[in-house]
Amino acid sequence: MSEPIDLSQISPALKAEILAEALPYIRRYHGKTVVIKYGGNAMTEERLKQGFARDVILLKLVGINPVIVHGGGPQIDQALKKIGKQGTFIQGMRVTDEETMEVVEWVLGGEVQQDIVTLINHFGGHAVGLTGKDGGLIHARKLMMPDRDNPGEYVDIGQVGEVEAINPAVVKALQDDAFIPVISPIGFGEDGLSYNINADLVAGKLATVLNAEKLVMMTNIPGVMDKEGNLLTDLSAREIDALFEDGTISGGMLPKISSALDAAKSGVKSVHIVDGRIEHSVLLEILTEQPFGTMIRSH
């Protein structure tokens with residue numbers, strides 16, 4: 001993991017140079033929407049949490065419209081452990097029974113979301129938290145998980161959903177009023193149930209519906225890695241399919257990369273997987289030309 005930069009040790013001249021280099025990117029993304037999937041260590045380490053909050057505020061101040069979709073897997077696991085439940089995953093998706101869904105709603109829509117909103121507001125931003133149930137934002141349907149061992153069969157993983165439709169009106173209204181939306185990935189179904197939706201999938205769909213200029217997905221690794229542990233900086237759809245096929249991309253990276261690729265194919269101009277363990281990784285990706293993480297291309 002990269003060591004954090006001590007900004008107090010940077011000379012005024014170098015700080016000015018850094019800002020000058022960011023200017024073309026500020027112009028490029030001014031007035032544009034950037035969807036950020038926020039998760040991993042960046043949500044649990046205090047230094048990284050504060051750095052992320054400041055990054056998001058800076059983006060808003062220079063005229064870029066950040067929309068945050070957050071995860072909270074470790075926090076959910078911790079809450080489940082307190083009530084004696086063990087988290088179970090199939091193909092990177094959390095098996096969610098009724099009791100687990102109650103915990104998910106409490107943790108994501110309450111504890112985690114409010115922590116993010118409070119931190120952004122503490123540093124001078126104006127963040128508003130909402131779940132996919134608020135304002136009819138995310139219509140969900142039950143996810144039918146294909147059984148890899150039995151083609152044509154499906155595995156029931158409970159109240160786990162996929163995005164059926166997104167109504168972006170509430171997000172656009174918040175953006176128009178200069179707020180930063182912070183979204184918990186919980187949707188509502190026509191059956192009246194709440195659904196736990198993978199945050200990567202929500203971020204990808206939301207980026208598409210909002211016509212976002214960029215989708216940034218934060219993770220706990222440098223990006224997509226090959227089997228030897230080398231960073232793959234640029235991946236096409238064909239290359240990604242091959243990595244799925246040979247098992248290089250597996251587990252929790254499956255929904256992340258699938259969502260990133262779908263967003264790229266649906267017209268999101270720039271899609272990147274970045275290392276959230278590096279301080280200011282969001283700014284490095286958006287406001288510099290330094291190659292960072294893995295770029296996902298549709299062709």
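Glycine is no exception: its Cβ is also placed from the backbone N, Cα and C atoms.
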Residue from ASN167, ASN196, ASN211, ASN220 that Swiss-Prot also lists as binding substrate with GLY72, GLY73, ARG94: ASN196
Distance [Cα-Cα, Å, rounded] between LYS256 (site 'Transition state stabilizer') and LYS37 (site 'Transition state stabilizer'): 10
Inter-residue C-alpha distance, ASN196 (substrate binding site) and LYS37 (site 'Transition state stabilizer') (nearest angstrom): 16
Residue, out of the binding-site residues GLY72, GLY73, whose Cβ gathers the largest set of other Cβ atoms within 10 Å: GLY72
CB-centroid shell, 8 A cutoff, substrate site GLY72, GLY73, ARG94, ASN196, site residues removed: GLY71, ILE76, THR96, VAL104, VAL107, LEU108, ASN198, ALA199
Other CB atoms within 10 A, centred on LYS37 (site 'Transition state stabilizer'): 30
Max CA-CA distance, Å, over listed substrate-binding residues GLY72, GLY73, ARG94, ASN196: 12
